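Here is the structure we will look at.
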């Protein structure tokens, strides 16, 4: 256990990325966490769609997404404070232990058959993930060399998105296999949570970023120092906003896949899950490609290509035609286009994530990433309201569910039209940011 608990070595002595036990420890931990979250959430979303079809009730997918997102909005700021005040390794381990408890509650909720009970567990799962997020991402620059960050982020985002999509795919299979005993799927979630907890112990213990940091009520939202930093460094603020729009789009797209698969293409839960999993291949390629293309720089062109590509592919997915279900692409074409959508999503997301980590002062890193989580989950919470509103409109006008992809594309219009980032080096990002922004915390807070 001595090697497991070893503290992070000096930057020059850190091991190579793929020979670093912490790389595999944090990688497996975050993969299983994302996989579990999305497996359980997708099971609940399927219950919402099937209940709407069977009882002719309102499609409650939007409500489920909103319930899941609210804890992130409310708690991410406080979890960012914890990530800076205590060792991120400690926060990660505690969060994984809480995941085991939450998944056990999920099994009880499925046994009860109550949709409200499932919503309550979704809320708890969101709270657990909110505490996990800032430490999970904030620990990467503390574990790895600066030059390894683009590659590490490429792999981590790739595996995160793969976990999301494969969790969705497995949920479809489990839903059809255990339709009357869906609690069995929740037992699988408990097992995954236990394995993820074990892997978290293989992450090196990192130093506390700010040992004397005191809690202020402002930490529940966006701390004063962080607001001042974002006001001073507008490029960081723009990256946060664009990332939020990206996640809002992704959440609407996920709900749209469930809608088109079950309601329009009528291919069942298992095939709908596989349809969602098609994007995993594209996301893997896009994330790794973006990491390799970065080479210690922020490539603005990659971000713009990714955003425009996502918008075009979403519109093609929404296009009507004579293929199955009244779509232009049919089932096979839709699956292929989702792969393309995934490639563009990976190209879009990785450079933004790397820029945020490299250009943030090290003493603010946990709180900036927590702010990113708050804004991202505001976007995801809005996606629930957005889907609910458009779903009611499409139902009233008798418009096919595939049109929800076009609604998702609308969210990206401001990014494609107005976001014009500049190409810049990331080599001295953290150190330079720390020196240039040393006085930011002493300036008056500015409303963002």
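Using N, Cα and C of the backbone, Cβ positions are placed for all residues, glycine too.
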From 236-253, 254-271, the residue range that TrEMBL assigns the feature transmembrane segment: 236-253
Listed range which TrEMBL flags as transmembrane segment, given the options 45-62, 117-134, 135-152: 117-134
Which range of 155-175, 428-448 is transmembrane segment, per TrEMBL: 155-175
Segment-segment contact (the transmembrane segment (90-111); the transmembrane segment (368-387)) at 3 or more Cβ pairs under 8 Å: no
Chain residues in Cβ proximity to the transmembrane segment (393-419) (below 8 Å; excluding those fewer than six residues from its ends, i.e. six or more beyond): 238, 242, 245-246, 248-249, 252-253, 255-256, 259-260, 263-264, 303-304, 307-308, 310-311, 314-315, 317-320, 325-327, 386-387
Two-stretch contact, the transmembrane segment (64-83) and the transmembrane segment (368-387), at least three Cβ pairs under 8 Å: yes
